[in-house]
Amino acid sequence: MINQLKGMIYGFIVGDALGVPVEFKPRGTFEVNDMIGYGTYDLPPGTWSDDSSLLLCTIEHMNENSTLDDLMQKFADFDYRNYMTPFGETFDIGITTHEACQNFEYLKRSATDCGLSGEYDNGNGSLMRIAPIVKKTLDLPIEDKYRVVSDYSKLTHGHERSIMGCMIYILVLEALLSNIYKSDLINHVQIQLEELGKDYSDYYRIFNGLKILHIDEIRSTGYVVDTLEAVLYCYLNHETYQEGVFAAINLGGDTDTIGALTGALFGVTSGYIAEIDKYKSRLANLEKIESIVEWYSDKR
Ligand SMILES: [Mg+2]
């Protein structure tokens, strides 16, 4: 378990860093198969982005056992004061997350009132940072899992579709932590969603032969449904961390988030392995990351 959580987090951050240099590039215009640098943001190899910043804020909050307002404060500190960044500078943040941070910073709303919940507030901004809370949800009944996932998503993304995207991803992580076979994974998750009884029809392709779709049918945008489909498509169709994460990044579009979320799934499956370690050692601000992650993955 400890090794799987460690694999999940480092698998995520490495996936983010591998995807950063080609973020927003269209599919087919590039190919990544190693840790490169520069590109989109002109930053050196090993630079991680908002996805990892928000993930690390969430882990730190869990380590501290603090309130959701404390966590929201960390998000606002990231947005406005360069908190939890690789080189002391915030260079990337999603629009909805930024608006939620504004609501906290200037309108002084409580954390659970900061998120946006319109139809167009369904980017992958809460999905990208949800993974660590699997430690909280694992042993809970399904309704309580949903409540926790919902509370955390709502800090920035309060629409039902965003919450359901997070819920599906958390159920996938839980299944992998419980060593469910890959071939049973989607079915296993669907049984739990049926038990929960909430509408998950926006995600119907995941439960209807996602794996066998043609790659051209997979849209790798920052829309939460597209992102989750792309992540699971790469996970289901590849065997190793490296293969899966580079396939995810080479889809183009929101490469860092899709690389990160795919990396977390492979990392939780394999545990912390040499394939991840070789890239992790090149991450920017590694000491900071390690101090937060070691605590998280060791304490249960
Ligand atoms: Mg990013």
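Yeah, the Cβs are placed from backbone N, Cα and C, and that goes for glycine too.
Quick caveat, the model's predicted, so the values are computed rather than measured.
Database features, via TrEMBL:
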type: BINDING; residues: Ser49, Asp50, Asp51, Asp254, Asp256, Thr257; note: Mg(2+) binding site
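Just so you know, the Cβ of Thr257 (Mg(2+) binding site) picks up 31 other Cβ atoms within 10 Å once every protein chain is counted. Filtering Ser49, Asp254, Asp256 by Cβ distance to ligand 1 (under 6 A) retains the following binding-site residues: Ser49, Asp256. Proximity of Asp254 (Mg(2+) binding site) to non-local residues of its own chain (separation of 6 or more, Cβ distance below 8 Å) is seen for Glu23, Phe24, Asn124, Ser220, Thr221, Gly222, Thr227, given in sequence order. Long-range Cβ neighbours of Asp50 (Mg(2+) binding site) (same chain, at least 6 residues apart, Cβ-Cβ under 8 Å): Phe78, Thr90, Asp92, Ile93, Gly94, Thr97, Met128. Every protein chain considered, the tally of other Cβ atoms within 10 Å of the Cβ of Asp256 (Mg(2+) binding site) stands at 29.
Neighbour list (Asp51 (Mg(2+) binding site), Cβ cut-off 8 Å, at least 6 residues apart, same chain): Phe12, Asp16, Met128, Arg129, Asp256, Thr257, Ala260. Taking the centroid of the Cβ atoms of Ser49, Asp50, Asp51, Asp254, Asp256, Thr257 as the Mg(2+) site, the other same-chain residues with Cβ within 8 Å of it are Asp16, Gly19, Val20, Glu23, Ser52, Asp92, Met128, Thr255, Ala260.
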